[in-house]
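In what follows, a single structure is set out as structure tokens and then discussed.
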């Protein structure tokens, strides 16, 4: 085989081998040898202009001393003499001689350059100049002198901080530390911009330690750099930023083993803000939902585009078997909001104390912090409540095997299983949200760092004499405040509307307040969310009241034996015996003696109070429904007009052109008439619904009942004629949800249906 052809095959094979070695951990000597081979390959086959990221210019005379670049090649011997004996698969033959031989091509190449000079220390006047990179080519990869470098560090360029162990050379006229044998090959560079040198002189340099360096932090990473991260109050701090395994990790120092911030990129939104007169830096802003969780500053637009490219590759969805895009990590959502917004790695605030006490000190300012809590990772989302329940059981088993638990601990665990008076809440601490396990006990709210550590609590609030007020701005619709003497004691946030309603009901009972969840004023929530909060709050409020009345066990429905119902007036007793199915909305009752005669009145029942909040809620709902129906009505009217116009044109065509096509035109006219009739029926149904909604809207705006609690004059007269003596028995009957629903008046739609249909039919008769 021809030697030139062998060289042509050898160069790509060596290039592939070097690319594979870039991903391996190499020692110092092996790394230097690899870089020497890479330099030889570059001299044989130069890289394209776009991939050349550095250039060294040696200004020293050849006779004044050896160049460090030249001295690196002296130890490298390329065995090219035995290339003829190489087999086709690239393995050397057994008879190959281990002695290196010089090829004629190498001899001719060696004759063009001066012979190598002996290794001597460089003269004092020797220096090398490095041409700086182009604009935007900022260093991004960091390597230590122990030889562990991240992937593709040769192409992208990185820098190393020198230490005192290297010999000194004169760089640009000043004594500086050199890199000895790795200076020329490490694609490092020196910046000669005066402003950058002054800025570097003011700021401490980040340097990897020699042996104990955490180089595993940047191993197998997609991209990493020391970037400026925006802190809470606008300051900037330089931190090591790494993208690894679909996550963005921030380390305060290169010596840290654990990241200061961990951010899942597949659930984040990234916005690039270029540098301009308003923004002094190129910024990447990471947000989760409506919360901005991280801001990074980059040195150039090219660097920002490179980071954005890596982020897009990381967060790109996976294509499933059926061609559908599947997200890389599951994000579990409930109907209205997220089921639980837990976070395992959150941004630590400056202080771990809650900053509140019984004297009424405030827990934090009203302004929401800029960095919200991060979302929990995919593993915790998949576990959910089942893993928490399993963890609780395992904790109980382990604690029981180690030592016998106290009666108080057993009572605590049993109360967690039976009574829903505990759960996770976000607490505002020093303008930062922290997640705490909150527990209600003996009119006191306890805060724990975790649900497994119930022996100690971070802080507690005595709830007697306090008030609760929902709302903490539009960004936190599920937040509520605990007030004492009109001063904020704590600001808490629930995970969803049901959880917020449950806590409001429990807190109102523990505070001893007579205010119900329906009477509270809710802001920053829509009608559906408000209904969910009020419903959950009412249920938990009545549930907590029944538990406070010494019920042996909580029940939603309980059966009571037949009991005689007595009226307040002893002269008119009733002998009716009723089997009562009391719901959680009924009055409080004691179960000490189940055969006791209970006195129940319909007037004393806990009927639904149609208050101001409920009226406003119904008014908003009916207003939205009215607008929707009017839009549908206009749409149907437009379609009817178009159909009638088309039918009119077809009839004119039939009159003008009687002939063979008239039959087809008549069939088209019949089809259009059928469509017109169907649209007309839809319009009549919409008219019926619209009239009913308008009447309900008027009643809700006037503050009247919209749920049938009071009837019209016509219905009242009918009820009085049918039941002339219904006053006395109704006052003595017990409350039953089914009977109350049956006694309600018929809906407004049925009372107005005949009249509207009659008018619609009259209108149709007039049209025809």
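Note: Cβ is positioned from N, Cα and C throughout, glycine not excepted.
As annotated by Swiss-Prot, coiled coil applies to 611-701.
Swiss-Prot lists 165-185 (among others) with the feature compositional bias 'Polar residues'.
According to Swiss-Prot, the feature compositional bias 'Basic and acidic residues' maps to 340-349 (among others).
According to Swiss-Prot, the feature compositional bias 'Polar residues' maps to 350-362 (among others).
If you look up Swiss-Prot, you'll see 587-596 (among others) marked as compositional bias 'Basic and acidic residues'.
Marked as compositional bias 'Polar residues' by Swiss-Prot: 710-734 (among others).
Here Swiss-Prot flags 759-768 (among others) as compositional bias 'Basic and acidic residues'. Here the compositional bias 'Basic and acidic residues' (759-768) has Cβ contacts under 8 Å with residues 680, 684, 687 of the same chain, all six or more residues outside its ends.
Within the domain 'PH 1' (220-316), the DSSP-based counts of helix, strand and coil residues read 18 helix, 46 strand, 33 coil. Feature annotation from Swiss-Prot assigns domain 'PH 1' to 220-316; the stated evidence is sequence analysis.
Note on the domain 'PH 2' (418-512): DSSP counts are 15 helix, 44 strand, 36 coil. For 418-512, the entry in Swiss-Prot reads domain 'PH 2'.
As annotated by Swiss-Prot, region 'Disordered' applies to 83-145 (among others).
If you look up Swiss-Prot, you'll see 165-211 (among others) marked as region 'Disordered'.
The annotation region 'Disordered' is assigned in Swiss-Prot to 340-382 (among others).
Under the heading region 'Disordered', Swiss-Prot lists 564-609 (among others).
Per Swiss-Prot, the feature region 'Disordered' maps to 705-768 (among others).
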Remark   = the compositional bias 'Basic and acidic residues' (759-768) resolves under DSSP into 9 helix, 0 strand, 1 coil
Ask   = Between 0 and 100, where does the mean pLDDT of the domain 'PH 1' (220-316) sit?
value = 87
